[in-house]
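Here is the structure we will look at.
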């Protein structure tokens, strides 16, 4: 095995065997579980159980009880506000609905000790609207068919087309799905590069603070050692991403026949999502992560102690924020903004901006190839330059600032 792969695999094994890596991998699952659990218990806490319905209009009361029996349990024995208040105080009911009628117009109020959930409120409002509609139509002498006709909304279809050879054809891509995929790519890259920028900088800086580097460089070149570190960190990133991909595919396989999954796939095309993820978006994600990993390694090579790694990673963090925030703020509201278009051709920025332009179908094939070409060229130049600087700084042990170390490295590398 070459010395390059020895360094890469040692770097990889050193990170994946740590407890911190396990925590990083499990953290999203724990966050999802906590969010789902909090949502479930919150909905249960605000869910209305047994209620009472108070109204002098007996027919209206009976109509509400009959229509809402699937969603609300009504204590039919409670018919007055006084008895409802007593039952509420004794926690025998969760609340009571007061329905008043004047001139065929209903005015209603729900009284409870806790806030009613928005879902229950919408359901209750819907039943009351149905009763009000029936009374109004009866007063106006409308037949059920006429009421149905009045309630039928206008239909609006959104059709996406393209023109090829002066012929209009329907687009198969769903813009909403592509936008979701674009934002997923942006968020995934943002989280990955933010998480691994300091890790990469610390990995490169850690051995510089010890004399062991002199021993290492006696058996391999500084460039090979630097490249091995970058590949090792990249393998760690791929491992974490692979865990999420395998988990997602496994969850889909076991849940594909469930009602929840069928409801999701009926409204969202799994094929369209896969197509969006496996196209140019994947290239921008991979190249984007790679260029920020190299930049973090370069910044880490400018410090001599692992304690200074966060300081070295800070400029990378600021650059990530400068590239990601405009996209996250304007991506949905104004995807054709001139700033996003300019950023889509600038390395370090294009991996965040171009997925949004792809989702908005606002970019041509030549523009995509040009942006990818610039990104690949920037990666090659940065990698070569970083290895050259690393070779000059790897045995420098000083407390100078990063800028002074960088200047010294440029002198030594000439």
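Using N, Cα and C of the backbone, Cβ positions are placed for all residues, glycine too.
Keep in mind that TrEMBL annotations are predicted by a computer and have not been checked by a curator.
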Checking 205-223, 338-356 against TrEMBL, the stretch recorded as transmembrane segment is 338-356
With the greatest number of Cβ pairs under 8 Å to the transmembrane segment (368-387), the stretch among 20-41, 230-255, 276-300, 338-356 is 276-300
Point to revise | Touch test for the transmembrane segment (276-300) and the transmembrane segment (338-356), at least 3 Cβ pairs under 8 Å | key: yes
